[in-house]
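Below is one structure; the comments refer to it alone.
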Amino acid sequence: KIYTRCELAAAMKRYGLDNYQGYSLGNWVCAARYESNYNTQATNRNSDGSTDYGILQINSRWWCNDGKTPGTRNLCHISCSALMGADIAPSVRCAKKIVSDGNGMNAWVAWRKHCKGTDVSKWIKDCKL
């Protein structure tokens, strides 16, 4: 599923991401925009052989099991394919674990590059939340 910006903001809010670990909703919507372009089916292969999955590009080396990444830790106890469904609840649950892991949203390269230190409120502007 490809979400619209405001549709995703509403879903993320419903699942409790607004101000989770102190990160406003705009941060999460911005991260999703630059990680997956709001597409739940996005995948990207990494040079280490792992793959990133779903709207927040969650990595198979650490967080989910795709059956092909050697030595996966699967810290979210989930199959990577479950992170690619139209319902973002599994991705949100795993993202909450990731953001609580010590590095906050710095775990997402796209967030560091494009969202960190910017006015992220624009990402939820004009959304009926």
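If you go along the chain as it appears here, the first residue is 1 and each next one adds 1.
Backbone N, Cα and C define each Cβ position, glycine as well.
Candidates considered were CYS115, CYS127; Swiss-Prot assigns the disulfide partner of CYS6 as CYS127.
In Swiss-Prot, the cysteine linked to CYS115 by a disulfide bond, out of CYS30, CYS64, is CYS30.
Across the domain 'C-type lysozyme' (1-129), the prediction's mean pLDDT works out to 98. Ranked by Cα separation from CYS127 (disulfide bond), the recorded positions GLU35, ASP52, CYS94 are led by GLU35.
For CYS30 (disulfide bond), other Cβ atoms within 10 Å of its Cβ number 26. Taking the Cα of CYS6 (disulfide bond) as the reference point, the closest of the recorded positions ASP52, CYS64, CYS76, CYS94 is CYS94.
Look at the disulfide-bonded residues CYS76, CYS127 and count other Cβ atoms within 10 Å of each Cβ; CYS127 has the fewest.
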